[in-house]
Amino acid sequence: MQIYSEYYEKIGPRKLRLLVKRRLLFASTWLYINNYILLSIIMKLQTKHMILLGFVAVVVVFIIFMLTRKKKEGFSIGNIFGKVKGAVTGTVGKVVNVVKPQGYKPEFVNRVNFGKFWACPEGTTDWGSEDKQCLVSQYGPMMWRNKGGNEWGWSCPAGSAPNNSDDWNQKCVQGYSMKKLIDGQWRCTDTEIDTGKDWSNSDWFTAQQQCDRGNNKVFTRRMYIDGKWQCPDGTWDTGFTWSDGENGGKQCKYYP
């Protein structure tokens with residue numbers, strides 16, 4: 001302090017004030033320039049690099065944290081990428097399953113031998129095809145068939161009714177038929193149940209479910225028509241009679 005005091009005494013008051021002003025001006029200028037440079041850097045980082053630097057910082061902190069965990073967890077950088085890859089592929093698989101769901105797959109079985117002929121087992125419906133013989137499932141596809149009078153087209157086999165579905169394999173529901181003109185009356189066969197549905201009280205689909213065949217989808221019995229016992233329209237006589245034991249009720253087979 002003495003040295004500085006002696007120096008300031010030598011230069012005089014006027015020169016001292018001038019020196020102080022110069023140093024203050026230099027200090028303020030230097031501080032202004034530093035602040036300007038720092039603010040410029042911060043502004044550029046905010047617009048271009050702050051997000052990236054923040055993400056890098058989070059990743060670095062996460063990796064450091066995971067590396068400090070117990071070795072028994074078997075953590076490594078490779079495990080991170082493996083988990084990420086598994087998560088991504090698993091998500092894609094779920095999306096594919098949503099976009100392409102499994103369609104309805106009806107079940108079919110083959111016809112069996114009844115001694116005199118081959119026919120579908122009871123509880124199924126003859127689908128009139130060699131590769132799709134007897135429908136077990138509730139729903140099935142339309143078939144290219146003779147709809148009557150040598151008129152061919154896509155339709156549901158006899159013993160099934162059209163179903164209101166966009167799935168081709170669910171276009172037909174088995175176990176239903178239309179009433180037939182039997183002995184002058186529109187009625188169901190003796191083994192069918194009248195559902196009460198008709199064109200006056202049902203839509204186009206359910207109106208064709210007039211007779212429920214229940215478990216008797218393949219065979220029915222002879223009916224007293226025109227003064228004699230005979231098979232109704234839409235069936236053919238199998239030759240079985242009540243004396244044939246368990247086959248006694250299989251007197252008339254429905255056409256597919």
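Glycine too: its Cβ is placed from the backbone N, Cα and C atoms.
Swiss-Prot annotations:
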type: REGION; residues: 24-44; note: region 'Hydrophobic'
type: REGION; residues: 47-67; note: region 'Hydrophobic'
type: DISULFID; residues: Cys120-Cys134; note: disulfide bond
type: DISULFID; residues: Cys156-Cys172; note: disulfide bond
type: DISULFID; residues: Cys188-Cys211; note: disulfide bond
Could you measure between Cys172 (disulfide bond) and Cys211 (disulfide bond) for me? Cα positions, answer in whole angstrom.
15
For Cys134 (disulfide bond), just count the other CB atoms lying within 10 A of its CB, please.
23
Enumerate same-chain residues with a sequence separation of six or more from Cys188 (disulfide bond) and a Cβ-Cβ distance below 8 A; give 'none' if the list is empty.
Ser177, Lys179, Lys180, Asp194, Gln210, Cys211
Cα-to-Cα gap, Cys156 (disulfide bond) vs Cys120 (disulfide bond), nearest whole Å:
17
Cβ-Cβ distance under 8 Å to Cys120 (disulfide bond), same chain, at least six residues away:
Val109, Arg111, Val112, Asp126, Gln133, Cys134, Lys217, Val218
